[in-house]
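Peer 1: Can you keep this structure in mind? I'll have questions shortly.
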C-alpha cells in the first residue's frame, strides 16, 4: 500500500482484496442496485399515474421511494466501479459530496417516515378530521420540511467533518465515505465538533423515533377496539410494513453510529453498513407493495393491454399538438 498521507483523496478498503471476490461483490451489488431502481421507479410511476393513489399516504410513499432511489445511488455505484476497476481511490470532492448526500438523504428519510406514521395516526384515530389535517398544502409543507432538514443535517456533517485535521494514512475501512470510519482518521481531540453535530443529529432521530412509537401505540390501541376482524387486518396491512421499515432502518443505523469505535474493521461492521445503506432501499418497494391491494391493483391496471393502449393514444394526441 502506497503512503497516502500526502494524497488529497482517500482509499476505500472494500470487502476483500481477492480479485474474484471483488468481481462477485460487484455483481451482487449490481443486481441489488438494479432491483432497487426497478422497485422504486415502479412505485413512483404507479403512484403518479393512478389517480386512485393520489392520497397523502401514497404521496409520502412516492417521496420515500425517490429518497431510496437517491440514497442507494450515493454509495452503491461507486462501490461497484471500485470493485470492477480494482481501485478504491476516491477524491476529496467525491468524498465530501458522498458524505453530504448520504447524511442528507438518510435524515430526510427518517423525517418522511415520521410524517408517514403521523399520517397513519390521523387516518385511523381521527378519520373525520383527516382531510382537514392532511390537506395537500400541509403534505407539501411536510415534505419540503423533511428535505430542508435533511439538507441542513448533511451540510453540517460535511462542513464539520472535513474541517478536522487528519493524521496518518487516509484509509477508510468501508466501501463508502462513512463518517464513523472517517473519525478514526482524525487527530486526537480534534473531532469534538463532529461529535456535537452527531449528537444533535442522533437526538433529532431519537425524537422522531419516539414520535413514531407514540403514534403506533395509539394506532394499535385504536385498532384493537375495531370489532371487525377484516377491518383490523386492513389496518395492519398498511401499518405493519411501515413499522418494519422504520425499525429495520433505525436499528441498523443506530447500531453503527452509536457503538464505540474499534481500531480494527470486521466483516460484521461491513454487514451492518449494508443493512442500513443497501437493504432498506431494496426491500422498501417489496414491503410496501406486497401486502397493499391498492398498489397491486394499480400495477395490474397499468400493465393491462387496455390501459397501455389508452396511454399510447394519449401520448400520440399530445405529440400531434
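In case you wondered, yes, glycine gets a Cβ from its N, Cα and C as well.
Please treat TrEMBL annotations as automatic predictions, because they have not gone through curation.
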Peer 1: Between 270-290, 291-311, I'd like to know which one TrEMBL lists as transmembrane segment.
Peer 2: 270-290
Peer 1: Look up transmembrane segment in TrEMBL and report which of 26-46, 173-193 it refers to.
Peer 2: 26-46
Peer 1: Should anything in the same chain at least six residues away from the transmembrane segment (270-290) have a Cβ under 8 Å from its Cβ atoms, list it; otherwise answer none.
Peer 2: 15, 29, 32, 35-36, 39-40, 42-43, 61, 64-65, 68-69, 71-72, 75-76, 102, 106, 174-176, 178, 241-242, 244-245, 248-249, 252-253, 255-256, 296, 299
Peer 1: Assess whether the transmembrane segment (238-258) lies in contact with the transmembrane segment (96-118), where contact requires at least three Cβ pairs under 8 Å among residues 6 or more apart in sequence.
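Peer 2: Yes, these stretches are in contact.
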Peer 1: Could you tell me what the rest of the chain brings near the transmembrane segment (96-118), counting residues at least six beyond its ends with Cβ under 8 Å?
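Peer 2: Same-chain contacts beyond the ends: 57, 60-61, 63-64, 67-68, 70-71, 74-75, 78, 90, 142-143, 145-147, 149-151, 153-155, 157-158, 161-162, 176-177, 179, 182, 201, 204-205, 208, 211-212, 215-216, 242, 245-246, 249-250, 253, 276-277.
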Peer 1: Do any residues of this chain, six or more beyond the ends of the transmembrane segment (139-160), have a C-beta under 8 angstroms from a C-beta of it, and if so which?
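Peer 2: Distant Cβ neighbours of the transmembrane segment (139-160) are 56, 59-60, 63, 96, 99-109, 111-112, 115, 179, 193-194, 197-198, 200-201, 204.
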